[in-house]
Amino acid sequence: MSRLLYGLWCALGCVCTVNSLRVGVGIADVTGPPAEIAFMGYANLEQTGHGIHLRQFSRAFVLEDDDNSTRAVFVSVDAAMMGHGVRKEVLKRLQKRYGDLYNEGNVVLSGTHTHSTPGGFLLDFLFDLPILGFVRETYVAYITGILKSIIIAHNNLTPARMEYGEAELLDANINRSPTSYLRNPPEERAKYKYDVDKTLAQVRFISPSNKIIGVINWFAVHPTSMNNTNRLISSDNVGYASILMEKALNGNNTLPGKGQIVCAFASTNLGDVSPNTKGPRCEFSGKVCDQEKLLCDLPKERCFASGPGRDMFESTKIIATKMFDTAMKVLNQKGEDLTGPVGVIHQFIDMPKQEVPPYDPVTETFNTSATVGGCVPAMGYSFAAGTTDGPGAFDFTQGTTGTNPLWDAVRDFIAAPTPADVRCHAPKPILLATGRAKFPYEWQPHIVSCSVIRIGGLFIAAVPGEFTTMSGRRLRNVVMKASGAKRVVIAGLSNIYSDYITTPEEYQAQRYEAASTIFGPHALHIYLRAFRDLALALAQGRELDPGPSPPDFSDQLITLVPPVLWDSAPWGHEFGDCVKQPQKSYSYNDVVTATFVSGHPRNSVRHGHWFATVERLVSSADDAWTVVATDADWETRSLFFYSTRGKRTVDSPGVATDADWETRYTWVRNSKILGTSHAVIEWEIPVGTPPGTYRLHHYGNYKYILGGIYPYHGFTDPFEVT
């Protein structure tokens, strides 16, 4: 900001600080391949994409201290998590444009942790295994969209100030491992009212003319309202909350991803936090259950949590709306000005090699007379049990501390743990010695990425995994004490994914979160010491050793995901032809239906262009149409069904038939051999739709049998809404 402009800002009575802040925001589509690719999160091989429920977006915030030109970038991405390979490639492309302005030290990519988006992008073998390996389409979609959002934010830098606000949000989250939480010291638990964090924290960036530029919200909840039967790409509850807030601030007619004001609902310490507020119940009998006690006794009856709605779609909407309403309440209240110098510090840490003093949560001090260390990565038996948000397979249960000779034999065939590994991870029984597995390449990371961003009085601790409620509370306390910060928030699932981080006390219970704490019972101690050092160095303006860089496996990646071979149109037709036209006239609550000759949706993710739109005629003289709904809206959905005989054959519980939805885009495979398919677009006309002339428009791309991918589109004949 120029000194003249800054002086005028102060003269007008706006809040002034010693440091002047510039902020740029950007949003871009990162939707991955919408069909035939497995989702990352539930590790369910059968959960492959069949379409789009809510598109994925990358929301970027570029921050600059205009006094010393220090920059920091925070990006919240509608994805399960972020991986080192994606971040490295984004940085490589940024540096081609801007030199060393953006680098490993000042860019943080944080995944929202939705479990309903395409996988195959993490480059660690265990994480890509349920997706059948590396998926270049997902990888490229994420890189391209994240890069675009940062470039937009870079180009939109403008003078700003920052305000902080918070509010209590109830009935939107529960602890899914309450017995583990109770293992923490009573003196520590007595400091907190709930067994999960109920505070929604918000940072908003405001222009000199008091206009909102962008908003980042943090609320501890898993985006698992959409359960593991879902087959539609979805940004889940936090993604929909972001869309609601952006629509509210940009205007309800603004299409998702197109507004100037960017609002993120980013991940934080959500490790043991579920949105399924009805709690775990038996699948068929409805009895209250627990995955440790196996109270569900009917054949193949699972114990899982749900709610608060009738189904996962309504539950997503309810939880998202609660977050949105609370965020808007905070936004409309007077905020705490935290504007000040921008700083950022980053360090790679080789976790198994660390020796640190343990942390006492009661006295909130480190015991310097003792040391504890990290373990080589390994997953415990209870990892395979899954959670009440998404139960696992076979006969695994949570809370398992014993072994099974059969599963140990399977484990040892893949990679056997050493006696030192077994001792280090105790009481975790090792199901997968992932740190010892080397074929075809590393199964889980040894080296993690840790960052702290400072914006005036706010410190953001970017962690490479899922901290449980109490783990996050301890981390916030350590960072605040070391830095002297007024406020501290945790940005979860950032830069590299290293599964869960429980407290040492919770680790003893060996529920899912503890079994997935890959560096052993003292992992949290290592993180607390690391973030204390980072926060202290940042507050004092010191640099730290950057640490060892993670290995690069990009030349060893494998995939078993088959490509799209070709598409063909039926005899006498072209791609985009409307082969079933709608009627001539409709009224409210009627359903408009049309069928088009289609190509495979994996041929192009169509970022910013959509597969289906509803359009209204605005000028018959110019044949001018305007888009009133797309496949990125909550009111719009895209569904894909597969068939080898030209009819729907999938009856997955993940396919919704809710009447609340306005539009539906269905992709039907007619013949895999011939490569023929068609798309069905439906629009249920909402009450209050302006009367006029409308049409349905279908877009896509087809793959020619002799090579090349080509765009097509087609639309229906006009029809009247009366």
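Positions of Cβ are set from backbone N, Cα and C atoms, glycine also.
The feature active site, nucleophile is assigned by TrEMBL to Ser274. Other C-beta atoms found within 10 angstroms of the C-beta of Ser274 (active site, nucleophile) number 24, with every protein chain shown included.
Counted within 10 Å of its Cβ, the other Cβ atoms near Glu466 (Zn(2+) binding site) come to 28, all protein chains included. Positions annotated as Zn(2+) binding site by TrEMBL: His113, His222, Glu466, Tyr500.
Taken from TrEMBL, the feature domain 'Neutral/alkaline non-lysosomal ceramidase N-terminal' covers 22-528.
Under the heading domain 'Neutral/alkaline non-lysosomal ceramidase C-terminal', TrEMBL lists 531-637 (among others).
Annotated domain 'Neutral/alkaline non-lysosomal ceramidase C-terminal' per TrEMBL: 655-721 (among others), in sequence order.
Residues or ranges marked as signal peptide in TrEMBL: 1-20.
In this view, His222 (Zn(2+) binding site) is surrounded by 26 other Cβ atoms within 10 Å of its Cβ, with every protein chain counted. The candidate set comprises the binding-site residues His113, Tyr500. Of these, His113 has the most other Cβ atoms within 10 Å.
Looking at the domain 'Neutral/alkaline non-lysosomal ceramidase N-terminal' (22-528) alone, the prediction's average pLDDT is 95. Cα proximity to Ser274 (active site, nucleophile) (within 10 Å) is found for the following binding-site residues from His113, His222, Glu466, Tyr500: His222.
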